[in-house]
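Q: The structure that follows is given in the form of structure tokens.
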Amino acid sequence: MKKLFGKYNAIIQGNIGINKYLAGLLLFVIPLYQKFPFVAIPGSQVFLRLEDVMIAVIFVVWLIIAGKDIKLFAKEKVTRAFFVFWLAGLLSLLSAMLLTKTVGFIGVLHFLRRIEYMIVFYIGISAVKQRSDLVFLIKCLMIVVAGIFIYGVGQKYLQWPVIMTQNSEYAKGIALRYVSGGHLISTFAGHYDLASTMIIVLPLLLALTFSSSKILSILKINLSLVWLRVTFGGLFVMGLWLLVNSASRISMASYFIVIFMIMIMIKRIKYIPLVFVFSLVLMSTSSNLMDRYTRLIKATTMRVLGITTEEKSSFVGLFEVYAAEEEVEIVTQQPIYEDRSSSIRFNVEWPRAIRALMKNPILGTGYSSLTLATDNDYLRILGETGVLGFLSFMLVVASVIWELVKNFSFKLQSIESIFLASVIAGIPGVAINMVFIDILEASKFAIIFWLFLGMAVAASRMKKTND
């Protein structure tokens, strides 16, 4: 057997850098290839997509290439945390299928898809063995951001097709058209996953825009220092334009937090007002985003003051005089002026998740039991997998964050430290988005997010070795 595979030892040992190409393939295909259905799963509204097939193939190749690394991964605390979470999910699934009878076979598909998204974390770790690997992946990301922007512009102004998966009919791959005042999604399946992806990409682009010549020279891009800054600044503006036109209110709020953090981490505090003002100016160009913020503020104010739509309209005609008419008393419930998306969350989706948790506090009601959306990832995890699943997920989060911060310092003198800082800065933004979005169930974002985390962990370990 050794003789048979002798000439492939370099590959099996992982010494020829194949993992970085696997990660690069993910970076290109996942964001840029739109979510066309590949094969329908019989008896469900779930579709197998080419990205699922690609990840399965990449995972098999990675298993062959990883070799001894797999044993090393198995001994790590972060891997144990992942296995605890997957075990909790499996117990929840079995409980839901066999005891509470709240889910069927589709629950198995949802469970496997969660594992699929998270497994790319290890591909990300394996992909960054040396500095040149990280540089290669950053260059891939630059091309991808430009590609998403170009398609977004074409979608908004040239009527390029919109492919989304926000309901069962659209998920069949029906080509739609962008409607003026709508949410831009570019190559993504929805505006939330586009916006959330920009939350983890923009800190890196901004950090590179303000990086020193020493760090930028590591990228080995054949441009002068000025043009390198212009390039990264231009890519940052492209990403911000995508974020603004996605018109995701919570993502814009998260954006200002992550940008504030990364500017402090790279010690460019004096430029924060400039970046904020530019961002606000660009925000003002999106009438949809500004209208959504206006409606939210108006609805919140009226709810706090207890003003109904009837009372609101009475203020308009306060000084108008009309002839007396016979009054007919009609008792109707006074409508409340509400923001539609907030109302759905507060009155339908969140209570449904809480009821699921109350039904089985320990294990929840199983994957897929909360229909298509909860619009709160924390409540979704609690409702579907119970307290056990939630705590095990928090264990994964804590383990990954510890891997990132234990080697971090504010002396950002390498490309590894810049990438690490940008990912750390992006995590609070994702955590905030999870309060209002089921973002870890959005495949494009989830795969990119876990891949970035794996790459950042590898960069952290590489930084420690270099230091």
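Using N, Cα and C of the backbone, Cβ positions are placed for all residues, glycine too.
TrEMBL annotations: computationally assigned, not manually curated.
Keep in mind the model is a prediction, meaning the values are calculated, not measured.
Not my notes, these are from TrEMBL:
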DOMAIN    235-394  domain 'O-antigen ligase-related'
TRANSMEM  21-40  transmembrane segment
TRANSMEM  46-66  transmembrane segment
TRANSMEM  78-99  transmembrane segment
TRANSMEM  105-125  transmembrane segment
TRANSMEM  134-154  transmembrane segment
TRANSMEM  194-213  transmembrane segment
TRANSMEM  225-244  transmembrane segment
TRANSMEM  250-266  transmembrane segment
TRANSMEM  271-290  transmembrane segment
TRANSMEM  386-405  transmembrane segment
TRANSMEM  417-436  transmembrane segment
TRANSMEM  442-459  transmembrane segment
Q: Between the transmembrane segment (46-66) and the transmembrane segment (105-125), are there three or more C-beta pairs closer than 8 Å, counting only pairs 6 or more apart along the chain?
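A: When sequence-distant Cβ pairs are counted, the transmembrane segment (105-125) touches the transmembrane segment (46-66), since at least 3 lie under 8 Å.
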Q: Any chance the transmembrane segment (386-405) and the transmembrane segment (271-290) are in contact, meaning at least three CB pairs closer than 8 A with a sequence separation of 6+?
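A: Since fewer than 3 Cβ pairs under 8 Å link them, the transmembrane segment (386-405) and the transmembrane segment (271-290) do not come into contact.
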Q: If you count every Cβ pair below 8 Å, which range out of 194-213, 250-266, 442-459 shares the most with the transmembrane segment (21-40)?
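A: Ranking 194-213, 250-266, 442-459 by Cβ pairs under 8 Å to the transmembrane segment (21-40) puts 442-459 first.
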Q: Do at least three C-beta pairs under 8 angstroms join the transmembrane segment (442-459) to the transmembrane segment (225-244), pairs 6 or more apart in sequence?
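A: The answer is no, given that the two segments have fewer than 3 Cβ pairs within the 8 Å cut-off.
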Q: Per-residue pLDDT averaged over the domain 'O-antigen ligase-related' (235-394) comes to what?
A: 79
Q: For the transmembrane segment (225-244) and the transmembrane segment (105-125), decide whether they are in contact, meaning at least 3 CB pairs lie under 8 A, counting pairs 6 or more apart in sequence.
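A: Counting Cβ pairs under 8 Å, fewer than 3, so no.
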